[in-house]
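Peer 1: Quick paste from TrEMBL:
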type	residues	note
DOMAIN	6-104	domain 'ASCH'
ACT_SITE	Lys21	active site, proton acceptor
ACT_SITE	Thr24	active site, nucleophile
ACT_SITE	Glu74	active site, proton donor
Amino acid sequence: MSLSEMTFFERFEADILSGKKTITIRDASEKDYAPGSCVQVSTFEDNRRFCQLRIDSVTALEFEQLSERHAEQENMTLPQLKAVIRDIYPNTDSLYVVAFQLVN
Ligand SMILES: CC(=O)Nc1ccn([C@H]2C[C@H](O)[C@@H](CO)O2)c(=O)n1
């Protein structure tokens, strides 16, 4: 995937568009987004564009460092967030917090 594009599962679209979700946690394959850059965001399922985000920061994080603050920024509980991450990334504990702002 290009560094000017990002996909999200469709079920997170409403939270992103409402500003309730302000981070995403990804594996090393998505650690190179540049702070200050804008990315076109599409659904993973059908590649439908639904917004543009500005990347604020990309910060390394180990799975055991996940906190209530990360869960709040994901609009989830901490157990929900841990379950989602374990489901998407079952084979790694080395993660990256990508913080973003909605552009449009
Ligand atoms: C669709 C795709 O390629 N990858 C991902 C990875 C993560 N997310 C969401 C799920 C959680 O809200 C956070 C934490 O991983 O980011 C996603 O929508 N799509």
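Glycine is treated like the rest: Cβ placed from N, Cα and C.
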Peer 1: Find, among the active-site residues listed as Lys21, Glu74, the one whose Cβ has the highest number of other Cβ atoms within 10 Å in the structure shown.
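Peer 2: Sorting the candidates by Cβ neighbours within 10 Å, the top entry is Glu74.
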Peer 1: Taking the Cβ of Thr24 (active site, nucleophile) as reference, which residues of that chain separated by at least 6 in sequence fall under 8 Å from it?
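Peer 2: In sequence order, Met6, Phe8, Glu74, Val97, Val98, Phe100 meet the Cβ cut-off.
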Peer 1: With DSSP as the reference, give the number of residues of the domain 'ASCH' (6-104) in helix, strand and coil.
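Peer 2: Tallied per class, the domain 'ASCH' (6-104) gives 31 helix, 36 strand, 32 coil.
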